[in-house]
């Protein structure tokens, strides 16, 4: 015997094996694309940018939020052949702002490693032998 039980906000439905064997008669309700409580991705159904998308990692807020929005909007709406090539000034302004707040906008480790001077590598006996062999072969 199947039955339904409400627990707080949840509704628990117990069904029998026979209930599962018959096709469902439930009708699906189409999602409302304009539902303000529905979570959306980066681009809203109307094509606008969803500044509240968690995928932006909070970049749209904070001390450089306006510069980020300006650069990102320019890129999103760019119609140039090389998309965003008309947005260099906006991206430069965003970068300059972010450099003022290194604690909030840390640079990638890869960039930091590239900026470090390269330390000389100690030569091992193997590399000296290889160099001597090459020098002897070229003589």
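Just so you know, glycine gets a Cβ as well, placed from its N, Cα and C.
Looking at 53-63, 64-74, the stretch flagged in Swiss-Prot as motif 'Cx9C motif 1' turns out to be 64-74. Across the motif 'Cx9C motif 2' (87-97), DSSP classifies residues as 10 helix, 0 strand, 1 coil. A 10 Å cutoff on Cβ-Cβ distances gives residue 97 (disulfide bond) a total of 18 other Cβ atoms nearby, all chains included. Break the domain 'CHCH' (61-105) down by DSSP state and the numbers are 25 helix, 0 strand, 20 coil. Of all the disulfide-bonded residues listed (53, 55, 64, 74), 64 sits in the most crowded Cβ setting, with the most other Cβ atoms within 10 Å.
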